[in-house]
Amino acid sequence: MAIERTLSIIKPDAVAKNVIGQIYSRFEAADLKIIAARMVQLSRAEAEGFYAVHAARPFFNDLVNFMISGPVMVTVLEGENAILKHRDLMGATDPKKAEKGTIRADFADSIDANAVHGSDAAETAAVEIAYYFPALSIYSR
Ligand code: RTP
Ligand code: MG
């Protein structure tokens with residue numbers, strides 16, 4: 001299985017709930033390594049740029065308003081099959097549909113305030129990682 005990198009964001013709701021450590025523990029237990037991390041208060045323009053792929057969707061404005069409602073923790077995770085593994089740990093987008101034991105089932109309140117973001121493919125992971133981290137601030141090990 002290939003070693004991959006994925007971009008993980010703990011969204012404002014989960015940062016406000018003070019569960020950053022609990023979420024990071026799940027990544028570590030699944031053999032995902034944190035190789036870069038920063039806490040960021042996104043500007044509107046930064047959030048719009050990050051979610052540009054959803055710009056035409058009806059939920060875009062709510063999504064952007066939510067993502068700028070407080071600081072987020074942005075992390076690069078590395079490990080075997082990291083992209084899908086991280087998506088599995090997150091659970092379904094709508095926490096009501098997320099499997100028991102997933103991050104969204106345990107920590108998210110709604111489809112808008114859904115605790116975490118994760119890249120959905122290798123190409124988007126590369127773009128999203130570069131959006132937040134210069135190559136020299138990523139510490140693979
Ligand atoms: P994310 O990008 O945040 O990891 O979430 P995702 O892949 O599971 O879901 P995606 O389709 O990429 O949607 C991005 C975020 O937009 C909000 N959303 N709201 N009201 C709705 O129907 C709706 N659909 C999506 C969610 O907060 C989702 O995480
Ligand atoms: Mg997505």
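Cβ atoms are placed via backbone N, Cα and C, with glycine included.
Listed in TrEMBL:
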type	residues	note
ACT_SITE	His117	active site, pros-phosphohistidine intermediate
BINDING	Lys11, Phe59, Arg87, Thr93, Arg104, Asn114	ATP binding site
DOMAIN	3-140	domain 'Nucleoside diphosphate kinase-like'
Quick one: largest C-alpha distance among Lys11, Phe59, Arg87, Thr93, Arg104, Asn114, binding ATP per the record, in angstrom?
21
To the nearest whole angstrom, state the Cα distance for the pair Thr93 (ATP binding site) and His117 (active site, pros-phosphohistidine intermediate).
9
Compute the C-alpha separation of Arg104 (ATP binding site) from His117 (active site, pros-phosphohistidine intermediate), stating it in Å without decimals.
10
Could you state the whole-number distance in Å separating the C-alpha atoms of Lys11 (ATP binding site) and His117 (active site, pros-phosphohistidine intermediate)?
7
Under a three-state DSSP reduction, the secondary structure at Thr93 (ATP binding site) is coil
What whole-number Å value do you get for the CA-CA distance of the residue listed as 'active site, pros-phosphohistidine intermediate' and Arg87 (ATP binding site)?
9
Using DSSP, break the domain 'Nucleoside diphosphate kinase-like' (3-140) down into helix, strand and coil residues and give each count.
61 helix, 28 strand, 49 coil
Sort out for me which one of Arg87, Arg104 has the most neighbouring CB atoms within 10 A, since those are the binding-site residues we care about.
Arg104
Check the recorded positions Thr93, Arg104, His117 for any whose Cβ is under 6 angstroms from an atom of ligand 1, and report them in sequence order.
Thr93, His117
Segment confidence, the domain 'Nucleoside diphosphate kinase-like' (3-140), expressed as mean pLDDT
98
Most isolated by CB count within 10 A, of the recorded positions Lys11, His117, is His117
